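Here's what TrEMBL has on this protein:
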type	residues	note
ACT_SITE	Asp214	active site, charge relay system
ACT_SITE	His246	active site, charge relay system
ACT_SITE	Ser401	active site, charge relay system
DOMAIN	207-434	domain 'Peptidase S8/S53'
REGION	19-40	region 'Disordered'
Amino acid sequence: MPILIILLLFCAELSAQVSPPARPERPERPTNPATERQVERQLDRALSQVERATERNHTAASRGLAIAEQQLKAAAERVQIASERPAHLINEAYLSEIELALYQNLPAIKSEWLLLLTNNELAQAQAHSAQWQQYITDQQALSLLDTQILTLRLPSHLDNLNALASLLPADLITKASRNFLFQAQTTKQPELAAETWRFKQPLCQDAMKIGLVDSAIQNSHPAFDGKAAITQRPFHDGRFSADMQHATAIASILIGRSPQHEPLVPNAQLYSANVFFNSANLQAQSTLLSLVQGLNWLAEERVSVINMSLSGPDNPILQQAVRALDRANIVMVAAVGNDGPGAPIRYPAAYPEVIAVTAIDKTYQLYRWAVRGEHIDFAAPGVNLFAASANGGWQAVTGTSFASPIVAGFVACLNNTAGLSMPAIKAALRMQALNHKAQRSEYPLLIPASEG
């Protein structure tokens with residue numbers, strides 16, 4: 001008996017030294033309230049299983065942990081992909097059905113690469129190796145950058161940066177990128193909310209050209225009354241269906257009119273580069289190729305301001321385009337993204353040449369899913385905005401996507417009347433924001449006169 005007691009004590013001491021397994025991390029919460037509650041209940045049940053197993057013994061806890069992690073993964077994949085769902089929860093198997101894939105948790109067109117080269121660089125690459133040239137599927141000239149953009153479809157054994165680098169001169173590999181996706185930063189509300197932003201007077205009456213890199217606009221909507229000046233050109237991939245919801249809402253904020261809403265810049269002419277496509281349950285998104293082509297066209301149309309209500313990864317090709325637009329004195333305004341306050345910063349908003357915009361609600365609180373960071377320049381209304389729907393009605397929309405065009409409107413009115421430089425524009429906007437009575441945010445607020 002004493003020996004048995006000693007053995008029991010020894011086992012108890014050994015068990016105490018073994019730390020229990022860590023709890024599985026909770027994934028980012030989806031934005032749909034119903035699915036949010038469903039996932040939370042599943043998470044609670046899974047975590048409870050781990051805790052009970054830990055109390056029994058370490059081996060059982062490990063098995064419980066594995067089961068819990070499987071349940072968490074399955075629960076995340078069963079939830080319908082919402083507009084603000086983090087990229088790391090996207091089901092790669094589902095994406096592969098529409099020729100997409102995840103690369104370091106970032107969606108891109110599968111096996112598709114882009115090269116952005118000057119004519120001299122292209123000649124250098126062609127002289128270096130002929131092997132890569134057999135994979136070219138498209139080549140276009142970009143007047144904005146004075147470059148050629150080439151699309152390559154690579155076989156599996158070359159579908160990585162190191163393999164591609166072996167075929168190109170060493171100094172040109174920085175000009176290559178996968179054809180990544182950039183996502184619209186919005187979520188549609190099911191119905192109009194009581195606390196909806198409705199603007200009651202324009203920011204200015206000036207005539208101006210404003211560029212949108214967005215979806216197609218439903219220009220037959222009553223908000224535009226057949227009189228609105230809208231020029232559109234499609235750049236989205238022909239393999240996917242076009243989307244109209246996103247840009248229709250944004251255009252209505254800028255130039256749309258209803259008994260309950262006044263346009264911010266009623267005499268503006270909009271140029272919309274239609275780059276977004278829809279892919280089943282995924283939100284509206286654009287390829288990098290479409291985005292750069294759209295920016296090139298807007299520069300050719302000589303718009304003064306470009307609104308980009310999208311976000312994605314840092315990218316050398318996009319950065320080249322942004323710098324070229326800055327040199328052309330075209331002001332760029334972009335949404336910071338809806339991936340949550342703990343998410344990495346997103347681009348193009350994080351480039352120094354771009355005005356980065358976040359969203360606030362009617363109480364002047366920051367939108368809870370907005371990306372945070374020191375790169376953010378201004379905050380504007382972006383939660384429950386009254387906006388046109390592509391079906392001919394009206395809706396409440398939420399996201400940093402809809403705060404961005406408001407700041408673009410402020411910029412267009414300043415830039416159009418004074419021809420100010422970027423530093424001067426930011427300073428003038430900060431002066432307006434600082435004078436606003438509702439200044440309670442960590443970022444300067446730009447809020448048009450509103451009601452509702």
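For all residues, glycine too, the Cβ spot is worked out from N, Cα and C.
Annotated features taken from TrEMBL, shown on the structure.
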{"residue": "Asp214", "record": "active site, charge relay system", "DSSP (3 states)": "strand"}
{"residue": "His246", "record": "active site, charge relay system", "DSSP (3 states)": "helix"}
{"residue": "Ser401", "record": "active site, charge relay system", "DSSP (3 states)": "helix"}
Mean pLDDT over the domain 'Peptidase S8/S53' (207-434): what is the value?
-> 91
Quick one: give me the count of other CB atoms within 10 A of the CB of Ser401 (active site, charge relay system).
-> 33
In the chain carrying Asp214 (active site, charge relay system), residues 6 or more apart in sequence that have Cβ under 8 angstroms from it = Ala184, His246, Ala247, Ile250, Ser272, Ala273, Asn274, Val275, Phe276, Asn307, Ser309, Leu310
Packing count at His246 (active site, charge relay system) (other Cβ atoms within 10 Å of its Cβ) | 30
